[in-house]
Structure formats: C-alpha cells, structure tokens
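Taken straight from TrEMBL:
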type: DOMAIN; residues: 7-123; note: domain 'Response regulatory'
type: MOD_RES; residues: 56; note: 4-aspartylphosphate
type: DOMAIN; residues: 166-303; note: domain 'GGDEF'
C-alpha cells in the first residue's frame, strides 16, 4: 500500500543540523532521526520503513559511506533512496558515494530550496516505483496479493522456517462449484461474489505475518508462518464458516443453497533438501480430498 504522507529518516549526529533539517522537511513529510549508525540500521528496517534517507557522511560510530553500503546491500532496505550530505566538495567522493548506492549528493552548506527540491523529486520517484510495485503484486479484481507475490513469499518463508526449524502452514481454499455459479448468475455476479469472499477471508486473517492471496480463478491461499497443522486447520475451518455465513445464494450448487468453500491444509517443518513446492502439493492434495469428500469441508494432509 502506498503511503499518503511519505517519511524521511535523517541520520545525523549534530543537533543543529538535525533541528534545521527537521524544521525544513517536517512541513511536508514525517520525520524520524537516528544519531548514530547502529540506530539508523535498526530504524531503517522497522515496520514503517522510511521512504528516503538523508545521511550525513561524518558519523561517530559507522562511517557514512560504509552505512550507505550496508543499507544498499540489505535486501530489506536497498529500495530506499539515500541522499548523502557532506562538507567534502570533491568529485571523487561524490562518485564514490553514488557507486555505493546513493541516489544524490548534497554539499554543506546547502541551499534550502535545492535540498527540498531534491528530496521532493526523489520521493516522487519513490512513490511512482511503489505504485508500480503495488500493482505488480496485487490481483486487480479482489485487491488481494496475486500469484506472483505468493510465489515469492512462500519461498522466503520456507527458507526462514528451514533456518529456524519452525512450522510453516498453507491453506488452500476453493469456491465450490463456481463454474456452475457463473453459468447461472453470469460472470459479473461471479466477480462480485469473489470480491465478497476475498474481503471476508481477509477480515479473518489476523496475524501480520500471514499472507492471503488469490491463487487463480476461484482459488485462494493463506501462508501461515509458525503455525502447526492443528492451528492451521482451525483457521481454515473458521475461514470456510465465515464465507458460508455470508449466505451468498447459489441456486446451482448441489452442496448447499449458498456459496461454500472446500479447504486443504498442510503444515511442515522444512528440511534443507525439501523444495517449497512440496508444501504446495501437500495442501493441493488435501484440497482434492475435500472435494472428493463432498465439498464444503476441510481436509488435512497427513502424509
């Protein structure tokens, strides 16, 4: 989601400079401050990550250039534009900073209008990139994450679960007899039905680390880090019950007079030699078992 008011992290150890930069930029942007390199690394990775970093090259603990390199090399922070601020007006130093990943270089004493203009420009570019990125990982119909996002997320969580030897659960959900629904009510009604289901599922996914995505067609998936088979099954049943409680009419269903879901659950503690596709195949197998059992139920992979 693209933020309405963008944020700037000022990495600076001199109180006067902090006050000046804060006064200039706080009129348009949310401001956060780190007075040392170690604090900056922590703040840059927090949940509400900054949209831009103003970094003074002269820092007390970690050299500003080294800090720029670490931020640019870190997968979590490499997308954040960094503007270096320095008193060294030398082309070699500027080129060095840009080679480390900085997007701009401002020399002190700086012109306030020029500083603001450069910050504004880089934040506008960042917003455009964020919007494109947001569109690329979201399903246009439901607003949920799409298959592309799911593929990357489950791979990352699989590796993390493997490192930490924790459980990773996956729930696959399928709208029962959705083709019959479309044939009976029409595709526009089918789209509205999927949107209602997506909103309902999302409202019942509580943990920040869980990811709900539209897997394709009438299928949805939930990636549930650090959840075991039992708890994942409880959640899957809760999701199915919530959708059933919407009582969306389904006159063409042979299962019920309203829209229902079938669910497949799998949970594993990954081994280093196991691919993430093994978890997906297991959940898909459980979903197939739910359909064979008559639909409108949840089945668990126990193989």
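Quick reminder: no glycine exception, Cβ is built from N, Cα and C everywhere.
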Q) Within 10 Å of the Cβ of the residue listed as '4-aspartylphosphate', how many other Cβ atoms are there? A) 21
Q | Local backbone state of residue 56 (4-aspartylphosphate), from DSSP in three classes | A | strand
Q) For the domain 'Response regulatory' (7-123), what are the DSSP-based totals of helix, strand and coil residues? A) 50 helix, 24 strand, 43 coil
Q.
Could you give me three numbers for the domain 'GGDEF' (166-303), the DSSP helix, strand and coil residue counts?
A. 57 helix, 34 strand, 47 coil
